[in-house]
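I have placed the structure first, in the form of structure tokens, so that the comments after it can refer back to it.
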Amino acid sequence: SQYSAVDTNPLSVYIMQPIWNKIIEIVPLWIAPNLLTFSGFVIILINYFLIAFYDWDYTASGTSPGLVPTWVWLFSAFTTFCAYALDSIDGKHARRTQSSTPLGELFDHGLDSWATSIFVLSFFSVCSRDNGKTGVSVYTMYIYLSIVLFNFMCSHWEKYNTGVLFLPWGYDISQVVLIAAYLLTGAVGVEVWQKPFLFGYYITDILVILLIGFSLFLSFPQTLYNIHRAYLNKTLKNDSLYEGLLPLVSPLLLFILLTVWVVLSPGNILAKQPRLFLWMVGVAFSNVICKVIICQMSSTQPELFHWFLFPLALVVYAAISGLLGWTEEVVLVLFTGLVTAAHVHYGVCVGRQLSEHLNIYIFSLKKRVQE
């Protein structure tokens with residue numbers, strides 16, 4: 001199917017697009033678009049692990065001055081901008097080099113589905129976790145991450161039903177806010193997050209309120225409106241309500257299982273290992289949503305239950321019933337490693353299959369020689 005995306009965000013159209021159009025001119029024509037996409041993702045990972053090194057348990061910013069060196073925040077602002085730029089020009093570059101392929105589309109959206117959670121997890125280090133005086137509770141972090149992922153899922157569920165990806169307004173705004181937050185932290189120090197900003201609210205409170213407001217009153221209604229409009233215009237890709245709602249089943253069950261674990265965990269797993277748990281949430285979500293993206297691209301029907309829900313259900317049951325006891329953390333570590341490895345393996349396999357099927361290389365514009 002031909003890829004089509006619509007971007008109506010004024011920030012993107014009037015400010016960012018002209019910047020990307022300038023940047024794209026410096027990219028050599030021999031560079032494969034997927035290389036740009038992948039570099040952006042690697043940059044996000046490097047930044048994430050750098051912050052995690054200084055702030056494993058999200059407490060480093062809770063003291064004043066914070067324990068994370070200033071250069072790390074400035075580096076974060078720089079890497080976030082680079083990743084944002086690379087993600088924004090990869091498609092333009094593909095059209096420029098006439099190398100747009102379904103593999104490139106999947107590569108871009110698949111990595112985005114993972115990067116989305118990594119951006120959020122890096123940002124949590126800025127505001128630190130609740131220490132009684134300032135900071136955000138780990139439960140707020142979990143809800144915040146879930147809302148961001150819910151938004152991402154909505155735009156792809158919408159494309160599954162309408163055939164058009166309406167780029168969410170929140171994307172450009174969130175990237176610019178992230179870069180500004182890192183620059184602010186680098187310039188002023190973490191203290192800026194520890195003082196009330198407006199009417200006794202902290203900046204973090206305001207950001208959470210904005211995010212929830214954006215999601216519930218802008219993104220989600222827009223998704224429903226676009227699907228409804230496609231229904232009226234008879235351009236919906238799926239005939240039945242069942243087929244239309246099918247991609248939502250696995251992500252919702254995933255969220256329910258994870259939330260049950262968070263709420264009923266005897267060892268309070270989220271408070272003990274917030275970074276590991278939230279990383280696992282992001283990877284699991286990415287794997288579930290990649291299946292939806294593939295189904296939407298190939299016009300096939302997703303299976304009702306993603307395979308991953310079964311081992312997760314077992315682990316959650318063992319944890320909340322007290323079967324795991326003190327090993328709950330150990331099991332989380334193993335499970336997170338397993339999920340991450342499975343997701344990477346899945347990505348590599350799909351990439352190789354598609355590159356062979358389409359007779360192209362993933363990271364080079366050279367054509368494969370026909371066997």
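Using the three backbone atoms N, Cα and C, a Cβ is placed for every residue, glycine included.
Record features (TrEMBL):
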type: TRANSMEM; residues: 26-54; note: transmembrane segment
type: TRANSMEM; residues: 66-86; note: transmembrane segment
type: TRANSMEM; residues: 136-154; note: transmembrane segment
type: TRANSMEM; residues: 199-220; note: transmembrane segment
type: TRANSMEM; residues: 241-264; note: transmembrane segment
type: TRANSMEM; residues: 276-294; note: transmembrane segment
type: TRANSMEM; residues: 306-324; note: transmembrane segment
type: TRANSMEM; residues: 330-348; note: transmembrane segment
Excluding the flanking five residues on each side, which residues at least 6 beyond the ends of the transmembrane segment (199-220) place their CB within less than 8 Å of a CB in that stretch?
127, 134-136, 140, 144, 147-148, 150-151, 154-155, 168-170, 173, 177, 192-193
Where, among 66-86, 136-154, 241-264, 276-294, do we find the most CB pairs under 8 A to the transmembrane segment (306-324)?
241-264
Who are the long-range neighbours of the transmembrane segment (66-86) in its own chain, taking Cβ under 8 Å and residues 6 or more past its ends?
19-20, 23, 36-37, 39-41, 43-44, 46-47, 50-51, 54-55, 60, 115, 119, 122, 125-126, 128, 175, 178-179, 182-183, 185-186, 189-190
